[in-house]
Amino acid sequence: MASTTSRSARPARRNNKASGNTTPLLWMAFALLVVVLDQFFKIVIVRTFTYGESRPVTRFFNLVLVYNKGAAFSFLADAGGWQRWFFTGLGLVVGAFIVWLLYRHTGQKLFCFAVSLILGGAVGNVVDRVVYGHVIDFLDFYVRNYHWPAFNVADCAITVGAVLLIVDELRRVRKH
C-alpha cells in the first residue's frame, strides 16, 4: 500500500555536514593541540616542582604540583586503584563518541569547537592516567584560606567546552 504522506509534509532533516567548510580532521587536530599544550605544561611543572610544592604567582593564584587519582574534585581518589582504569576507559569511550559526533556534525562550528575542547581535555587526562597512574594538576586558585581544587589545562578545556555546548544549545533552541 502506498504511503499517503507526501514528501513535502515530512519534517526537513537538518544537513549537519553541508554547512561550513570544516572537516572532522581539522577538529581532531585542534583537540590534539589541546593535548600537546596540556602535556607540555604538565611536563614543565613536573620537571621544576617537587610533589606538593607551591609557588605564589598572584594574591589569588599559585602554581603547585599535586596528583589526582580520582575524577573532578578528587572524586573516588581513595577508591583503591580500580578508578584509574575506570576513568581511563570512560575517557576513551567519551573520546570515541566525540569523534563520531565530529563526523556527524562537521558543519556546526561552535558545537565542533566545544566538543574538540572536551576531546582534547579528556585525552590529555587519559594520557596522565596511563603514563603516571594519576592526573597531574598544577593550577591553584584561592581566596584567603579557601583553595579551589587544583586543576590543569585539560580540565580548563573540558570546562570551556561544556560551557560552549550549553551556549550552542541555547542558540539552537532560540532559533526555533
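Every residue, even glycine, has its Cβ placed from backbone N, Cα and C.
As written in Swiss-Prot, here are the features:
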| type | residues | note |
| --- | --- | --- |
| TRANSMEM | 26-46 | transmembrane segment |
| TRANSMEM | 60-80 | transmembrane segment |
| TRANSMEM | 82-102 | transmembrane segment |
| TRANSMEM | 107-127 | transmembrane segment |
| ACT_SITE | ASP137 | active site |
| TRANSMEM | 147-167 | transmembrane segment |
| ACT_SITE | ASP155 | active site |
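Taking the Cβ of ASP137 (active site) as reference, residues of its chain lying under 8 Å away and at least six apart in sequence are, in sequence order, VAL64, VAL66, TYR67, ASN68, PRO149, ALA150, PHE151, ASN152, ASP155. DSSP gives ASP155 (active site) a helix state. If one looks beyond the transmembrane segment (107-127) by at least 6 residues along the same chain, the residues whose Cβ comes under 8 Å of a Cβ in the stretch are 15-20, 22, 27-28, 30-35, 38-39, 87-88, 91-92, 94-95, 98-99, 101, 135, 152-158, 160-162, 164-165, 167-168, 171. In the three-state DSSP scheme, ASP137 (active site) is classed as strand. Around ASP155 (active site), a 10 Å sphere centred on its CB holds 20 further CB atoms from the protein chains shown.
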